[in-house]
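*Asks:* Please see the structure below; I have some questions.
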Amino acid sequence: MGTRSVALVLLAAVLLQTFLPASSAEGLVRIGLKKRPIDQNSRVAERLSAEEKQRLLRGANSLGSGSEGDIIALKNYMNAQYFGEIGVGTPAQKFTVIFDTGSSNLWVPSSKCYFSIACYLHSRYKSGQSSTYKKNGKPAAIHYGTGAIAGYFSEDSVTLGDLVVKDQEFIEATKEPGLTFMVAKFDGILGLGFQEISVGNAVPVWYNMIKQGLISDPVFSFWFNRHAGEGEGGELVFGGVDPSHYKGNHTYVPVTQKGYWQFNMGDVLVDGKSTGFCKGGCAAIADSGTSLLAGPTAIITEINEKIGATGVVSQECKTVVSQYGQQILDLLLAETQPAKICSQVGLCTFDGTHGVSAGIRSVVDNGAGKSNGDLRSDPMCNACEMAVVWMQNQLAQNKTQDLILNYINQLCDRLPSPMGESSVDCASLKSMPDIAFTIGGKKFSLKPEQYILKVGEGPAAQCISGFTAMDIPPPRGPLWILGDVFMGAYHTVFDYGKLRVGFAESA
């Protein structure tokens, strides 16, 4: 080959590299997506979504190409909704979906949804326009706190980036009641949880990606861009990780229960000090479909008190402190088993393992789908159990009895509002403490700017605590839900092959 020919080949190679997208060189497909402006509707949707997630976790009907990988870019909506684009059918009909590790089904609105306003505000799947559609017809319903999405199963091809999953079972939603889906900026949900919680035992999209050999490594990972006005919203990477999205190494913990991506978590610390709540271990799930960070009311209230969040005064809480506070303290000092104290003062009954509301039968989760959602629903019983946790923590710090009772009264003023949202002073961020979670023996800290959501700009700006209360009773709970607030700070790897979850500082 002559010198001139070699030069032409090299020039062609240079030009080819210039015009190819950078991601192609990595063997990863990237989709750039735009962001939508912030508005108040998302706050309404988020509060209702939290209610739905709580019902789900309490035991209601559960949602219950050979390249190196595939990347789906995610939109960041007020740091509260991340969604990306998929295609269903041939040719592909485009939908924006939440990629939700807390559920396992794929559903999109159907063109046969005639009587729900939400369907007319979003893209709808038209089976007659797809050459790869296969009729199924099996009825399906996913129940939420504000209603139910109802419809039926169909089968078709699903496109994610450059990957095409064939014969994927999904739900055509023909009923979408309530406000949530009317104001939502997404059309549907693509679940990335385990098949154990899949409605109709449908095989999740993720399983079929592996089965059909579309990815070489059974791993997917999330990177969320928490700067709502800068660049793309984030990336979901199938079949690998993007090293540019994290720093250092991941800390991995094993999945302890398939269904959700559930693992064991250790102590929760506020400003470096233990809350004492999870010293013996707590269950947690990494959930990309939950915007905030949810935990037991007792500890979320302590966190809100430390960051100056304003909730609502609980009269039941005040009553328990004034009428039973000294008695509870005396029992703790007498080394009474904490789980029995509220039954001894007459506010709960004791079923052998924990307190439950008087007159409410304790239901033990036997794996048959029985709900524990009604346990300890009495406000006085709940308030008593929170007071026990708070007092234990204060006694461990050698506080006097008077100081303890005064502090518990202050905590009553910091209880989250019924919708779970608590506001903070935007000007106080610099004085707020770091909140840390112990995972795999390592402390993962959140700084105020990472756990406070800011809505609006200038004088009209509002700041919201990223911590919300959600009480999941035993044996499934207490349960922490590490949603987008946590996953935004820490790049998260979901390793299906080794059944583990990994966290590393986001870049």
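Cβ coordinates are placed from backbone N, Cα and C, and glycine is handled just like the others.
From TrEMBL, here are the annotated features:
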ACT_SITE  ASP100  active site
ACT_SITE  ASP287  active site
DISULFID  CYS113-CYS119  disulfide bond
DISULFID  CYS278-CYS282  disulfide bond
DOMAIN    82-504  domain 'Peptidase A1'
DOMAIN    312-352  domain 'Saposin B-type'
DOMAIN    377-418  domain 'Saposin B-type'
SIGNAL    1-25  signal peptide
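If you look at the structure here, what lies around each of the features I listed?
*Replies:* Within 10 Å of the C-beta of ASP100 (active site) there are 22 other C-beta atoms, taking all protein chains into account.
The Cβ neighbour count for ASP287 (active site), using a 10 Å radius and every protein chain shown, is 27.
The number of other CB atoms found within 10 A of the CB of CYS113 (disulfide bond), across every protein chain shown, is 22.
Within its own chain, CYS282 (disulfide bond) has ASN264, MET265, GLY266, VAL268, PRO478, LEU479, TRP480 as residues 6 or more apart in sequence whose C-beta sits under 8 angstroms from its own.
Residue counts for the domain 'Saposin B-type' (312-352) under DSSP, split into helix (H, G, I), strand (E, B) and coil, are 26 helix, 3 strand, 12 coil.
Sorting each residue of the domain 'Saposin B-type' (377-418) by its DSSP state yields 30 helix, 0 strand, 12 coil.
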*Asks:* Counting only residues 6+ away from its ends, which parts of the chain sit with a Cβ under 8 Å from the domain 'Saposin B-type' (377-418)?
*Replies:* 274-277, 297-302, 304-305, 309-314, 316-321, 324-326, 328-329, 332-333, 338, 341-342, 345, 347-348, 355-358, 360, 465, 468-469, 471
*Asks:* Given CYS278 (disulfide bond) and ASP287 (active site), what distance in Å do their CA atoms have, once rounded to a whole number?
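*Replies:* Cα-Cα distance, CYS278 (disulfide bond) to ASP287 (active site): 19 Å.
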*Asks:* Nearest of the recorded positions to ASP100 (active site) by CA-CA distance, picking from CYS113, CYS119, ASP287?
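*Replies:* Result: the closest of the recorded positions to ASP100 (active site) is ASP287.
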*Asks:* How many whole Å apart are the CA atoms of ASP287 (active site) and CYS119 (disulfide bond)?
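*Replies:* About 26 Å separates the two Cα atoms.
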*Asks:* Determine the Cβ neighbour count for CYS119 (disulfide bond): the number of other Cβ atoms within 10 Å of its Cβ.
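*Replies:* Cβ-Cβ neighbours of CYS119 (disulfide bond) within 10 Å number 22.
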